[in-house]
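If you look up TrEMBL, you'll see 1-190 marked as domain 'Peptidase M12A'. TrEMBL lists His81, His85, His91 with the feature Zn(2+) binding site. Marked as active site by TrEMBL: Glu82. TrEMBL lists 231-346 with the feature domain 'CUB'. If you look up TrEMBL, you'll see 356-415 marked as region 'Disordered'. The compositional bias 'Acidic residues' annotation in TrEMBL covers 377-401.
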Amino acid sequence: MPIPYYIDTTTVDAHTKDLIEQGVAFWQNHTCLRFTELTAPSSPCIQFIKDNGCYSYIGYTGIIQDLSIGVGCEHFGIITHEINHALGVFHEQSRYDRDSYITIDFTNIQPASITNFNEETNTTTTNHNVPYDYGSVMHYGEADFAINPSIPNIYAKEAYQQSTMGQRFKPNFNDLLLINTHYSCLGQCTNTIKCQNSGYQNPANCAECICPEGFGGALCDQRDSGTPNACGTTVQATCEWQTLTGTSGNSQNQLYDFPYECWYHIEAPNGTQIELQFQQAGGYCSFGCFYGDVEVKIANFTNSGYRWCCSDDLPNATLSTESNLAIIGTSSRYLEQTFTVSYKIVNCTETTTTTTTTLKPTTKKPTKQPCKCCNCDESESYESESYESESYESESYESESSEGCGRHHRHKCDC
């Protein structure tokens, strides 16, 4: 049965309406769920409104349930985040297994927002064996709702994942897997195709697979070719140190709704590993890497890799892959995001001349970040009922921090 929704155009502007429709289409195009837009609100339905902040009930209420896309929330990733709440999903940092992955400093959380950090239980929620993912679109950033936003209130136990938390580009591979598993979308295709690299058949388009980030092609057997234009490359590691420089984005002084993405694969012979040394990550230092990031995957390609916004985030260490493949991605919503990395096969002693692969010169950076002010008013918490007869998550109501509120930037922003 389709999920009915209504967009209140008396409060929602045309641009936000377009983003809402794209957000609904994203979930419909990657799951077996179907949505139908109403011309007038009718119970039950999801009603998109523009109120103070970003918030949604968690799950189905059986009535007209408001989902607010307030000032500063008008971004594709935030909208898909709120829709995911309406589908029954809590925040990633509220999972019952969260203490194995993060430490929360409750002394640095605004009292009115403490409920957003509640830990659920395995009797009220299920994770469907989908792993905890620091890069989930449902994960808070390291300083969201902090009393002192200059320091984190969430600490990743895997230290290199600290900047990964809080991404709001789009739902990732595991976000989709959770919904597709819960709503029994997997296995609905009558035909079978052989998805590679842990991909699975798209229930909305059985001729293609849903791929972990970094992989592409109908069967996930290729490098992701880039968005919106073809970019990235595949290089071969050898016994010598080589250098790879990559870039995504463009030089226009504009904040984009959707990031420019480029993916790079570093391959080595079977049975070998690759070591990586990052020299720079050219981008803005911001909690949640709101404007762009460099992501590196060295193991478990279904999960988000380590993400760094800028060179300040880079580890002063050599990284080694678990297999003969390293995946590096760049994403940018504002100007350009760059990286430079040296790479070679681990424990390989052959000595030759160092070579360099440069995809594009390093970007020119602006003098300060773009700024968009938002209304940071928080909404009251309410109780709602479960989403469907086969409920996914327990009753709750969540409000979010919008751009520039909970997601504070390390550079001064003059509004």
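Here the Cβ of each residue, glycine as well, is placed from N, Cα and C on the backbone.
Feature map: annotations from TrEMBL on the structure.
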{"residue": "His81", "record": "Zn(2+) binding site", "Cβ within 10 Å": "26"}
{"residue": "Glu82", "record": "active site", "Cβ within 10 Å": "25"}
{"residue": "His85", "record": "Zn(2+) binding site", "Cβ within 10 Å": "24"}
{"residue": "His91", "record": "Zn(2+) binding site", "Cβ within 10 Å": "23"}
Mind tallying the domain 'CUB' (231-346) by DSSP state, helix then strand then coil?
6 helix, 66 strand, 44 coil
List the Cα distance (Å, whole number) between the residue listed as 'active site' and His91 (Zn(2+) binding site).
10
Averaged over the domain 'Peptidase M12A' (1-190), what pLDDT does the prediction give?
97
